[in-house]
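Engineer: A single structure is presented below for examination.
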Amino acid sequence: MALTSTTITSWKLQEIVAHSSNVSSLVLGKSSGRLLATGGEDCRVNIWAVSKPNCIMSLTGHTSPVESIQFNSSEERVVAGSQSGSLRLWDLEAAKILRTLMGHKASICSLDFHPMGEYLASGSVDSSIKLWDVRRKGCVFRYKGHTQAVCCLAFSPDGKWLASASDDSTVKLWDLIAGKMITEFTSHTSAVNVVQFHPNEYLLASGSADRTVKLWDLEKFNMIGSSEGETGVVRSILFNPDGSCLYSGSENTLRVFGWEPDRCFDVLHVGWGKVSDLAISNNQMIAVSYSQNNVSWYVVDLNQVKKSGSVIQGLIEDKPIPAPTSAMGATLRRNYERPTTSCTRQESPSSEDEKEDRESSAEITNPEDYKEIFQPHSHARNAKAGVMGDDEALAQIRKGHDTMCVMLTSRYKNLDTVRFVWASGDVKTSLDSAVSMNDLSIVVDILNIINLKPSLWKLDLCTSILPQIEELLQSKYESYVQTGCMSLKLILKRFWPLISDTLTAPPSVGVDITREGRLKCKACYKQLKNLSNVVKNRAEQVGRHGSTFKELQLLMAPLDY
């Protein structure tokens with residue numbers, strides 16, 4: 001049956017280029033579901049708002065890629081952990097750095113704020129967990145027990161416990177006041193990527209690379225549920241705000257689970273790829289994923305998702321499933337008491353050089369959006385985050401759709417023109433035709449064909465394409481950079497010996513029959529010299545293509561002699 005506009009369950013909201021290099025981490029604000037923080041290999045933290053195309057604020061100070069980020073509950077603060085092991089905490093409303101915390105010796109891969117807000121926990125690749133007092137700029141406790149990287153941290157709603165998930169396939173529960181491990185859950189068979197406490201009851205959920213979601217009773221400290229049927233690694237989990245069900249995000253799939261007994265209420269196929277985080281706002285799920293330097297937002301209408309009632313799981317086993325007394329199952333458990341006191345276990349705070357804070361900054365890149373979102377108090381901001389209706393959602397879809405149709409129509413027309421010229425067998429004229437269209441996507445399409453057959457390359461092509469390669473190497477699109485690097489590498493390996501020999505050869509005696517070739521070689525040499533500066537700068541940057549640019553830099557070294 002064809003779907004109408006009123007039956008759309010999920011859709012892609014928008015896609016942005018989030019950083020100048022690859023995105024390495026991101027997190028959604030769970031209170032509003034409308035704020036996003038991204039961390040990149042460019043060492044920046046950028047702040048975004050759903051449905052806003054431009055970055056609101058860019059936070060600097062880290063000197064290595066940002067590997068983990070977290071908002072506090074009011075979304076007024078954000079903390080970021082780097083590959084070098086440093087932590088930086090910013091006040092978003094005041095647009096300034098608050099703290100720089102040093103102590104980890106390896107990359108930070110997980111963070112969480114204590115419900116009271118003045119404490120935060122960090123987990124590292126070195127398997128350690130640290131609890132920080134952000135007021136005193138000090139580490140107040142270190143927890144040891146994991147044997148591999150700590151992938152996720154979560155404080156209990158009452159602030160008394162800390163749950164940690166690790167690559168060592170375990171989930172550990174820590175008592176903050178006693179400063180010791182309470183219990184360890186070992187039923188997962190692969191790395192545990194994510195943990196989350198039930199919003200009210202003494203329950204903990206965990207998602208793993210073993211393709212299961214498991215639920216743990218925190219009174220009896222035993223497993224009370226385990227999902228089956230995940231098609232991929234579980235990357236994100238989220239309890240419904242009322243605690244009635246659990247959402248599980250894996251590659252391109254959203255599942256809705258119940259427990260006692262184990263049940264799968266619904267399965268939705270969403271094109272979000274490797275989903276990285278989930279949040280809920282006004283009965284809409286906001287999901288984000290990233291690839292290279294792009295970040296995509298997706299929306300799922302939870303009004304059309306089954307959260308109770310008919311059961312999918314269990315049919316495979318061909319056995320009856322007992323009906324629970326409620327959507328959450330029949331077992332009654334204790335509820336959390338919200339925190340009223342802080343953690344009391346403390347050590348001497350580590351002294352910190354104020355220079356670290358002075359070298360960090362919060363640059364407001366979009367003043368209008370910044371004032372709209374951060375100048376009102378957080379509760380006013382959350383009130384503004386209204387539900388996105390069908391009309392607004394469809395408008396967002398059509399906005400990008402119309403632009404894409406125009407672009408693809410133009411691209412098809414241009415490629416058809418190039419194909420007609422190519423049929424004559426003149427590669428040089430075909431390439432010149434593509435260049436004259438002022439559309440790099442057409443140039444990339446042609447280069448991808450020529451790169452597959454190096455014998456098509458002639459010196460004539462180099463003079464036409466080298467200026468275009470300079471643009472490709474500085475493009476924000478990963479595929480353009482990759483194509484430009486491949487073309488430049490082929491040119492250097494195939495033509496640099498000819499160019500070098502021609503320019504260093506003695507003058508001709510009599511008729512200068514090599515004049516035209518020498519002029520082409522001089523033009524190529526000049527263009528390659530310009531490109532060498534671009535390659536040198538890119539080779540010094542951290543990123544996926546760093547090694548490729550270093551290789552190109554070595555190939556271009558003879559240009560300096």
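Placement of Cβ uses the backbone N, Cα and C atoms for every residue, glycine included.
Nobody curates TrEMBL annotations by hand; they come from automatic prediction.
As the structure is a computational prediction, the values presented were derived from the model and not from experiment.
For 399-556, the entry in TrEMBL reads domain 'Katanin p80 subunit C-terminal'. Positions annotated as region 'Disordered' by TrEMBL: 323-374. Annotated repeat 'WD' per TrEMBL: 16-58, 59-100, 101-142, 143-184, 185-226, in sequence order.
Tell me about the surroundings of these features in the structure.
Structural biologist: Counting same-chain residues at least six beyond the ends of the repeat 'WD' (16-58), those with a Cβ under 8 angstroms from any Cβ of the stretch are 64-71, 73-75, 78, 80, 82, 88, 90, 92, 95, 276-282, 284, 286, 288, 290, 292-297, 362-366, 369-370, 373-374, 378, 381-382, 385, 388, 396, 476, 541-544.
With DSSP classes pooled into helix, strand and coil, the tally for the repeat 'WD' (59-100) is 0 helix, 24 strand, 18 coil.
Helix, strand and coil counts under DSSP for the repeat 'WD' (143-184) come to 0 helix, 23 strand, 19 coil.
Note: the repeat 'WD' (185-226) comprises 0 helix, 24 strand, 18 coil (DSSP; helix = H, G, I, strand = E, B).
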Engineer: Within the repeat 'WD' (16-58), how many residues are helix, strand or coil going by DSSP?
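Structural biologist: Counting residues by DSSP class gives 0 helix, 21 strand, 22 coil.
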Engineer: What residues in the same chain, six or more past the boundaries of the repeat 'WD' (59-100), come closer than 8 Å to it by Cβ-Cβ distance?
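Structural biologist: That would be 24-27, 29-32, 35, 37-47, 106-113, 115, 117, 120, 122, 124, 132, 134, 137, 352, 356-357, 359-364, 370, 374-375, 378, 381, 542.
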